[in-house]
Amino acid sequence: MTTSAFYLQLYDAWNIALDYGAVFKRLQVWRLITNFFFLGPFSLPFAVRLIMIAKYGVSLERGPFDKRTADYVWMFIFGALSLLVISAVPYFRFPFLGVSLVFMIAYVWSREFPNARINIYGVVSLKGFYLPWALLALDLIFGNPIKPDILGMLAGHIYYFLTVLHPLAGGNFKFKTPLWVHRIVAYWGEGRQINSPVQSDPSAGIVFKGRGHRLGGTQRTAARDTAEQTEGSASASSHQQQTQSNGVAFRGKSHRLNG
């Protein structure tokens, strides 16, 4: 949306760019957030960023962050805060950090799926661990700025180190998702369920419905079914005899006395 509006000349991109001078002197605090929503004008690099979001972002959401929506949201919040802090250094200063945030997604994905096979433009095949480095090399070859890529890799490594590498190394510090993020996600999820006009399907996600059988237990199951049928027949016969005999004290042939 921001790129389309920029293409239609509805606004000046520099009005949403990150400028610490305007933030602190003119109190234009919206620049701390709006700079993440601009990925550049329509171009081949812009299309590549969208593909990275659709492929690697969704893969993380459905893979390591499945049923961990709060942790997934916190990854983006922490990444944005880290990028804002890093870009405060004059050498790393960049007006738009949306590309860096997308590159952070690619870096975290490469650490979560290091052995996955990927193709770069259908030419080069390599492991997922080398994905961010390959993208960095392509931007360098095509003449695109590589500073946003480096910022994204740095922010992604900080997040992955605090959440995965440090705990695995036996570190005492545990980097957890704050409680307020869980509450916001829970509140937002409840609101979606209440306001959603579509009722949930209880059978959604069920691939097979039927009767379960234990392997190797066919004969035992058949014998058990035969015994149950025999027992049921005997019970039915007994019940029928009992029903017919209700209210009858004597059964047999009658004879009249002195007859």
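The chain as shown is numbered from 1 upward.
For all residues, glycine too, the Cβ spot is worked out from N, Cα and C.
Among the features that TrEMBL reports, compositional bias 'Low complexity' is placed at 233-245. TrEMBL lists 210-259 with the feature region 'Disordered'. Positions annotated as transmembrane segment by TrEMBL: 29-48, 69-86, 92-109, 118-138, 150-169.
If you look at the transmembrane segment (29-48) against the transmembrane segment (92-109), you find at least three C-beta pairs under 8 angstroms, all six or more positions apart, and that counts as contact. For the transmembrane segment (69-86), the residues of the chain that approach it from at least six positions outside its boundaries are 18, 32, 36, 60-61, 92, 97, 100-101, 104, 108, 151-152, 154-156, 158-159, 177-178, 181-182, 184-186, 189, judged by C-beta separation under 8 angstroms.
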